[in-house]
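Quick notes on the structure that follows.
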Ligand SMILES: NC(=O)c1ccc[n+]([C@@H]2O[C@H](COP(=O)([O-])OP(=O)(O)OC[C@H]3O[C@@H](n4cnc5c(N)ncnc54)[C@H](O)[C@@H]3O)[C@@H](O)[C@H]2O)c1
Ligand SMILES: N[C@H](C(=O)O)[C@H](O)COP(=O)(O)O
């Protein structure tokens, strides 16, 4: 179980009154994002959520809410500054961009609205008018059809922040576990060639800085997995663990980071092992995401480390098959909103007066 984290509310200081509201991008209108955003607003008091506003999609949100039996009051705002007052009685929506949607049937108009919403929400976070951006799930393939060129929203945010893609580090965080994929949306066949000492060291430093800044972990314990079964078994099952990963870990330790490994990934996520680290840096997407989506799917948050802005997302996707059927859990969206509010609070309170 990770030690202190922003999801622990003990003693959380009240949000500074001047904290900017959170900007929420509505994701693919045909997926479950609009309905779980609506559900989160309906449960805002129960979860002490910071004020947030949606960017576009007022009609999409109202119809998605209705599919769950929620009569969602929305109010158009002309600037994020109006969101705090409106939030108590309605979901604030900035911008009149909208579209019709057929649940489970993504289309180009919906993808264009999702991209507009993401783009404007990100700009508002960069300008400081929004305290964070919380992104609704998109379908990457659908957005690619309307000009989205990045592998995912993480890389989109890196570009928006004028950072290299490797500087924006994806972390999945839940009550049981935090994991980071070293390589992300890459075909498995190319992963061994991408596992380099330089990338391991770079991402380990981004992780250490971010956990200190945003999660109250000044000396985060970073467990680094092996690539091969049993971490290569001394080279008998692959050499990357011995020849690439272990030397990188030694260099990181010499630089003062609290790193261990290479750990055999099959045993690392057992309950008794999870108490020994704060975050696991894993070699590829599914090595990192399978354990956390198995343990914490309905509370998992995808948070991008290394950005000048706060960005979170629920750990799930568009779930087209269940959109509009009242079956989607809003837990991960609520967790993403809560974590964004807490991280934004830490940053707002750490800014020199
Ligand atoms: N945060 C994101 O933007 C994000 C995350 C993952 C996947 N995606 C995208 O979403 C699309 C579908 O991806 P996928 O099918 O691999 O993953 P998914 O998370 O959409 O669905 C996986 C399974 O979990 C179920 N599920 C998902 N969210 C749920 C919820 N809140 N409550 C109950 N059940 C839920 C789905 O019905 C499905 O059976 C793809 O285009 C993918 O790229 C986006
Ligand atoms: N890899 C993420 C997951 O499976 O949860 C998901 O694709 C979101 O990635 P972006 O936030 O980069 O779109």
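Here the Cβ of each residue, glycine as well, is placed from N, Cα and C on the backbone.
The substrate binding site annotation in TrEMBL covers 154, 293, 302, 311. The divalent metal cation binding site feature in TrEMBL is assigned to 185, 230, 285.
Everything TrEMBL records as a feature, shown here on the structure.
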residue : record                             : Cβ contacts under 8 Å, 6 or more apart
154     : substrate binding site             : 165, 168, 170, 184, 304
185     : divalent metal cation binding site : 140, 151, 152, 285
230     : divalent metal cation binding site : 237, 264, 266
293     : substrate binding site             : 172, 300, 315
302     : substrate binding site             : 170, 171, 172, 312, 313, 314, 315, 336
311     : substrate binding site             : 122, 125, 132, 133, 134, 135, 157, 303, 304, 340
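When the binding-site residues 230, 293, 311 are checked against ligand 2, none has a Cβ within less than 6 Å of one of its atoms.
Among the residues the record lists as binding substrate, namely 154, 293, 302, 311, the two farthest apart have Cα atoms separated by 19 Å.
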